[in-house]
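Asks: Sharing the features that TrEMBL gives for it:
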DOMAIN    2-175  domain 'Galactose-1-phosphate uridyl transferase N-terminal'
REGION    31-50  region 'Disordered'
ACT_SITE  HIS165  active site, tele-UMP-histidine intermediate
DOMAIN    184-348  domain 'Galactose-1-phosphate uridyl transferase C-terminal'
Amino acid sequence: MQFVATEHQHRRLNPLNGTWVLVCPHRTQRPWSGQQEKAQKNELPDFDPTNPLCPGVTRPNGIQTPAYESTYVFENDFPALVEQVPAPPNSDDPLFQVAPAHGNCRVMCFHPKSNLTLPTMTSAEIVVVINEWINQFNELSSKYAWVQIFENKGAAMGCSNPHPHCQIWSCSFLPTEPQLKQERLRAYYATNDRPLLGDYVERELQRRERIVIDNPDWLVVVPFWATWPFETMLISRNNNKRINDLTLDQRYNLAVTIKELTTKYDNLFQCSFPYSMGWHGAPTGPEHAHASSAHWTLHAIYYPPLLRSATVRKFMVGFELLAMAQRDLTPEQAAQRLREVDGTCHYLDK
């Protein structure tokens, strides 16, 4: 028998972290009788007097959210990381290792209106969001080794507040995923004298099998090694290392790209498509200030859970938790579906 990627199970390597994903495309034929989610709808009002992220509403800690008119950033009322905390004692036992962890957690509201999301905002409004991401990054990166900008969208991804917002966690240490990428990217550069993701962009442009969006500044692909059904990676094509490297034109094109991608997501199953996304770039802080970042390429990753429809999601359980990541439809099939769906007109506007 001849191998056919869309029919036969196989494994694919993620060169960014050294792990493998199992691809089982024949499983798309199985009937679904498992849990079904409620479709993510956007039936919120512009203003909700009970939502603490809305302008003028008092938060649970008694602080009143100001009457902001654009973006708004504040210190998380219930942070996972704080700066002033006692350090744990040193341990000489290799089985019980601990290390200090200091940091900062912030919340950033994208817009004063509760019923908007990035795909339903204008490109100009998204540029304001990007500019504030960069303002926050500039401030925090001078002190912290890692600044993680991320958005959890939708209840299916654990988002506890529907108001359009993201979070920014800053760490005194390099977290696990960035640390793995740092090691793999550095090793590839040492061998090839080229950044791994720079080479990857060139290969994807040659093959054109997994491209979703392609413009002079940004490439959006379903990665060859994607784990989640409609996972995408948004990659800088201008050798940018960190988000604050972006020029004004690149920021605007990023806003257009984000709007197109998230509109495609919403239009795919005609729902407010849930996802977790975040930015990865070269480490920061005093420890990395003078280190080479030639091996890095700025990129964002989108991890959406929906599998077959607005109500059927992918669960990472069982084999995925105990053995290795597994996906059903191939990245190429996912990319074709995202590529073909409209990214210019949101389904709510039709």
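Counting starts with 1 at the first residue shown.
Cβ coordinates come from backbone N, Cα and C, glycine included.
All annotation found in TrEMBL is predicted automatically rather than curated by experts.
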Asks: On the 0 to 100 scale, where does the mean pLDDT of the domain 'Galactose-1-phosphate uridyl transferase N-terminal' (2-175) fall?
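Replies: On average, pLDDT over the domain 'Galactose-1-phosphate uridyl transferase N-terminal' (2-175) sits at 92.
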Asks: What are the non-local neighbours of HIS165 (active site, tele-UMP-histidine intermediate), defined as same-chain residues 6+ apart in sequence with CB under 8 A from its CB?
Replies: LEU53, VAL107, MET108, CYS109, PHE110, GLU151
